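*Asks:* Feature annotation from Swiss-Prot assigns domain 'KARI N-terminal Rossmann' to 15-208; the stated evidence is sequence analysis. If you look up Swiss-Prot, you'll see C45, G46, A47, Q48, R68, R76, S78, D108, K109, Q110, G158 marked as NADP(+) binding site. Marked as active site by Swiss-Prot on the basis of sequence analysis: H132. Positions annotated as domain 'KARI C-terminal knotted 1' by Swiss-Prot: 209-353. Per Swiss-Prot, the feature Mg(2+) 2 binding site maps to D217, E389, E393. According to Swiss-Prot, the feature Mg(2+) 1 binding site maps to D217, E221. For 354-486, the entry in Swiss-Prot reads domain 'KARI C-terminal knotted 2', with the evidence type sequence analysis. The substrate binding site annotation in Swiss-Prot covers S414 and is backed by sequence analysis.
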Amino acid sequence: MTNYFNSLSLRDQLAQLGTCRFMELDEFSNEVAVLKDKKIVIVGCGAQGLNQGLNMRDSGLDISYALREGAIKEKRQSWKNATENNFNVGTYEELIPKADLVINLTPDKQHTSVIKAIQPHIKKDAVLSYSHGFNIVEEGTKIREDITVIMVAPKCPGTEVREEYKRGFGVPTLIAVHPENDPHGIGLDWAKAYAYATGGHRAGVLESSFVAEVKSDLMGEQTMLCGVLQTGSILTFDKMVADGVEPNYAAKLIQYGWETITEALKHGGITNMMDRLSNPAKLRANEIAEELKEKMRPLFQKHMDDIISGEFSSRMMRDWANDDKELLTWRAETENTAFEKTEATSEEIKEQEYFDKGVLMVAFVRAGVELAFETMVEAGIIEESAYYESLHETPLIANTIARKKLYEMNRVISDTAEYGCYLFDHAAKPLVKDYVNSLEPEVAGKKFGTDCNGVDNQKLIHVNDDLRSHPVEKVGARLRTAMTAMKKIYA
């Protein structure tokens with residue numbers, strides 16, 4: 001496949017994959033100064049477009065929305081999103097020629113046509129920004145030489161960009177400057193100010209590259225962030241019901257359980273999440289996680305290989321050209337699963353109960369996080385970037401499941417993420433279904449270890465040491481020290 005990444009030499013590919021630097025808070029001391037009094041035009045007003053714009057306006061910036069003429073005339077949802085929040089709205093021709101910063105926040109599938117439409121209207125020496133580098137890296141789009149091209153990529157769905165900002169926090173963010181388009185050397189300063197305006201500096205900002213962002217983002221969302229949560233939801237629900245758990249209770253345990261379980265992950269990593277289990281349950285979750293890792297590792301490696309080579313992007317773009325046949329088929333299959341169609345009980349479930357009766361879910365999270373992290377690092381992605389794409393974003397995705405199950409998760413993630421999630425889930429379920437069904441009923445929906453709380457001390461010590469010594473735990477402990485304003489999701 002011919003694209004920007006594949007046009008690079010191997011040395012340059014590795015260099016860009018390995019670009020990742022955690023930025024210190026004092027690097028954002030200028031706050032939004034370089035963007036003050038600048039005309040900022042966001043193209044598209046979906047989940048990312050609206051919520052980033054709301055944060056930036058609250059940070060004192062001048063935000064307008066450029067939409068297709070048809071979207072304005074027909075008063076489509078993007079027009080409603082912008083006008084109902086009192087933003088100035090206009091066509092490409094009306095707003096983009098005046099813009100100092102143009103931010104393309106349309107769906108990935110539309111980027112090529114959108115850039116073709118707006119680039120002639122972008123004034124000389126302006127700045128163009130993306131929140132995902134797919135169009136540059138995978139499609140190979142070339143931008144006019146006088147235009148500075150940057151990326152500010154919040155590592156979560158757009159809805160959570162806003163929710164975390166309103167909590168007084170933010171979401172981890174990757175920023176980058178396209179090396180082919182920084183004619184005046186201003187890209188990094190503009191990207192820093194933009195990240196500050198969305199609140200990203202409070203959660204941690206990585207100076208990355210377009211290549212590293214795209215390859216790690218695709219891997220994280222396909223495997224742990226969306227794929228494992230979808231596969232785990234469907235298989236765990238089916239197992240619980242087969243084992244006699246009341247379906248409405250099972251639905252609630254899963255729908256809200258991911259959010260609760262990964263809240264512990266967010267604040268203290270895998271170690272803290274596993275520590276919420278009883279000692280017997282911890283040992284059993286460890287055994288299940290190790291077995292899941294062994295069974296799923298080849299699939300994780302295939303996804304990473306296909307992402308690096310461009311095979312994944314080629315397949316997805318073929319589906320785009322085929323009117324999203326695969327995506328729509330998989331979406332319909334997901335909507336018709338028993339988990340999606342079963343209403344959650346109104347019965348209260350206490351926080352600790354989600355852990356006590358969710359040993360299998362904890363094991364899925366541990367296996368998915370560690371596998372995604374390990375596979376990305378093996379491919380040359382720096383540990384800090386792999387951490388954000390495997391562990392830290394997981395509770396933010398889990399929060400979307402808590403709202404409206406898998407439907408909500410797949411609705412608010414990007415179109416590339418949704419396709420990748422279904423692709424992974426379609427292959428993962430047959431890999432682990434029989435193993436999951438063979439597990440004892442106590443690992444899902446019933447409290448584990450009620451007969452005996454005794455464990456082998458040496459075995460417990462060994463498991464605890466293994467958990468704490470995993471590289472994702474070490475890098476996570478370091479990065480979380482910067483997240484001093486981190487807020488609870490689960491209340």
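For all residues, glycine too, the Cβ spot is worked out from N, Cα and C.
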*Asks:* Please report the three-state DSSP label of E221 (Mg(2+) 1 binding site).
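*Replies:* It is helical.
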*Asks:* May I ask which residues of the same chain, at least 6 positions away in sequence, place their Cβ under 8 angstroms from the Cβ of S78 (NADP(+) binding site)?
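*Replies:* Residues satisfying the criterion: G44, C45, G46, G49, Y65, L67, A71.
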*Asks:* Do any residues at least six apart in sequence from E221 (Mg(2+) 1 binding site), in the same chain, have a Cβ closer than 8 Å to its Cβ, and if so which, in order?
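*Replies:* E221 (Mg(2+) 1 binding site) has long-range Cβ partners G227, E389, I413, S414, T416, A417, G420, C421.
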*Asks:* Cα-Cα separation of E393 (Mg(2+) 2 binding site) and H132 (active site), in Å?
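*Replies:* With the alpha carbons as reference points, the distance is 15 Å.
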*Asks:* Is it possible to list how many residues within the domain 'KARI C-terminal knotted 2' (354-486) are helical, extended or coil according to DSSP?
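*Replies:* The counts are 102 helix, 0 strand, 31 coil.
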*Asks:* Across all the protein chains here, work out how many other Cβ atoms are within 10 Å of the Cβ of G158 (NADP(+) binding site).
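*Replies:* Result for G158 (NADP(+) binding site): 22 neighbouring Cβ atoms inside 10 Å.
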*Asks:* Which whole-number value in Å describes the distance between the Cα atoms of K109 (NADP(+) binding site) and the residue listed as 'active site'?
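*Replies:* Roughly 12 Å, rounded to the nearest whole number.
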*Asks:* Mean pLDDT across the domain 'KARI N-terminal Rossmann' (15-208), rounded to an integer, is what?
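*Replies:* Result for the domain 'KARI N-terminal Rossmann' (15-208): average pLDDT 96.
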*Asks:* Just give the helix, strand and coil counts over the domain 'KARI C-terminal knotted 1' (209-353), going by DSSP.
*Replies:* 122 helix, 0 strand, 23 coil
*Asks:* With H132 (active site) as the reference Cα, tell me which of the binding-site residues A47, R68, G158, D217 is the closest one.
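*Replies:* Closest by Cα: D217.
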